[in-house]
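Annotated features, as they stand in TrEMBL:
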TRANSMEM  A:7-28  transmembrane segment
TRANSMEM  A:34-53  transmembrane segment
TRANSMEM  A:60-78  transmembrane segment
TRANSMEM  A:90-109  transmembrane segment
TRANSMEM  A:139-158  transmembrane segment
TRANSMEM  A:187-207  transmembrane segment
TRANSMEM  A:219-248  transmembrane segment
TRANSMEM  A:254-279  transmembrane segment
Amino acid sequence: MNFFLETLVGGLLAGTLYSLVAIGFVLIYKASGVFNFAQGAMLLFAALTFVSLRERGLSFALALVLTVLVMIVGALLIERLVLRPLVNRSQITLFMATLGLSFIIEGLAQGLMGAQVRALDLGIEDVPLFVGDIMVSQFDLVAAGVSGLTVAVLALLFNKTRIGVALRAVADDTRAALSLGINLNRIWQIVWAVAGVVGLVAGLLWGARQGVQFSLSLVVLKALPVLIIGGFTSIGGAIVGGLIVGAAENLAEAYIGPLIGGGITPWFAYFLALIFLYIRPSGLFGDRIIERV
Amino acid sequence: MHATFKRSLAAIGLALGAYAALVPAAQAANEQFFPLATYRVGAYASSGIPVWAGMIDYLRYINEVEGGINGVKLVWQECETEWTAEKGIECYERFKNGLNGAPVAIYAPNGAPAAYALADKAEADRIPLITLGYGRTEATDGRVFPYNFPAMLTFYSEASAFINYVAEREGGLDKLKGKKIATVYHDSAYGRETQGPLALLAQKYGFENIQIAVADPGNEQAGQWRQVRQLKPDWVFLRTWGVSTPVAIKTAARFGYPVERIVGDIWASSNEDVLPAGEAGKGYLALTPYPGGADFDIHQRIRQYILDTGKSDLKDPKSFGSVYYNSGLVNAAIAVEAIRTGQKKFGNRPLNGEEGRWGLEHLDLGDARLKEIGFLGLMQPLKLSCSDHEGGGAAKVQQWDGQQWKLITDWVQADRATLRPLIDAKAAEYAKEKGVTARDCAAQ
């Protein structure tokens, strides 16, 4: 029983990190209906910028503030140079644009800051803690706390501010929002900037665990099943989806893995997502699309 | 007048054409081409960049200080593969006929996917592939694979050297009985390659052989290390690659498994593998056929003639003497020495693929020669032959102290005789499947 509980708790905590990555996608999808393929590249760029600034002797706080500024400037540039010229184009066009963008950002990141692997020490020890007989990772606990805090800040931003109301209006009905005078370009700038900052938080947590290197951009592969399960338009869905994926893949690795040769973590989440697609195509909390004929 | 002008133009054109045709040939007449299939971008760029620096620095050293190989200048050109098979093949096709008349004697695919994809092509094109620390283990049998050279340390030998090291630590091979030895491996052809030899060695020595797979990319391994914690193995053989190595080391620490009982394999033994692991990496052990360190004789020479004169390919001087940089040096040195060996038979001129193969199959680098070229201690003695394309079969064990690798053993030799029947069986299976007739090495 202890083994089961430990696996479950470990999976749930790891799931919060998946949620954090997925939230970046949700923000942009809600505002523009685009699956932002460049989210992983943004995450890598943010973490690389932070580590590069730290290597130049900047304090943690200053490096963090400067990286946030870099991500905001990056968001403004993306909106001005990539998104605005493509306004009113089909969603697949915008998706392809983000695909191209991901390669540009990855190339730029490696070109400007180097391809070598960097260590990132956030000062959080990754040592085991015991709650009774159940082992819990201290790092995972802190990461879950940071994820929770990020979600709380986002909830405040989108529920209690004018920007949030405008964003929700755009997400509900873009044309109606435009007719009310909401500046779509400004909304996109804000959303991409926030997604960049969320990418920074996720990049730092993942980077502290695996080092800051190119493969950081691959962590977004974990976000896709999370989004399918939770729904592409719901931050709450991203959180629940992340927890489900984290717990399910941990339990599957422990109980099913040994029966079929192990190594099932990466694909089990997609297997689960497929089942959800059959049962609930818009995810647990996603908006159901009703089209009139 | 008009006709004369036309004739003059034609004559000038012909002369220019002849010059253009002759000059590259004249330039290439005494040049040996070293194709460099590199990956400077993409997921594995951080591992590749120091390797190419080591290779290029050594080739440059041979040109600048020794005037080439017996007067034959070395030329090289890069082709980006991003560590993928398709681009690896593209680069091979571009390079296999040489560069401006300078022939290819030896080709290094620099990546397991490309090495597997090119194995048959190279046999057909008669260009020897050298795959140090990767590639098909059964290609050790040069009778079946005349143009494939998994030189120095195959995955089978690596597994055996690991078991011999564990035995050394436990007090002898007889002490292995009843021990639990887990292999945490990258779930790929590379990762699975040691399952056969470890099963054989487990049967021979009586240890429990536990295999735990980590699927690519391996950036979340809680499930695997929870299993390790539950099974409590005495030793863990870590056969990961890329990001899965630091994640494994950190996750092992998180689950309380002692890092001093984890031995990384050749692809989990670089600075890039341990640096991201931070404090958790202190005490981590790793097997390597080219240890880290910048105090070997060759480093002093390269520092003097290449690094300090600003001619190095290294962008980050901190990587001088890193495991990957040193692997580049060793790779280049083997190719250079094989060509030098070939020149003894074919004359001091550039060699083609067949001649390069002859050079490789007659390569004999003993301690005396290794000392002369500055590689003593950095590289094991290596003797290749028609029937043995691996040679060596030894590795040193190094330990990470948080800042750098410290060598803690001399060469640990693999039990190659025990493993050879497995290799011969796999080679015979390949020969049967492809309809290959094995060469008679006595006639070579």
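Every residue gets a Cβ built from N, Cα and C, even glycine.
Within the same chain, the transmembrane segment (A:139-158) stays apart from the transmembrane segment (A:254-279): fewer than three Cβ pairs sit under 8 Å, each pair at least 6 residues apart. The listed stretches are A:7-28, A:60-78, A:90-109, A:187-207, A:254-279; of these, A:90-109 has the most Cβ pairs under 8 Å to the transmembrane segment (A:34-53). With a cut-off of 8 Å between Cβ atoms, the residues of this chain six or more beyond the transmembrane segment (A:60-78) that come close are 42, 45-46, 49-50, 53-54, 101, 189, 192-193, 195-197, 199-200.
Within the chain, the transmembrane segment (A:90-109) has long-range Cβ neighbours (under 8 A, six or more residues past its boundaries) at 32-38, 40-42, 44-45, 48-49, 78, 82-83, 214, 217.
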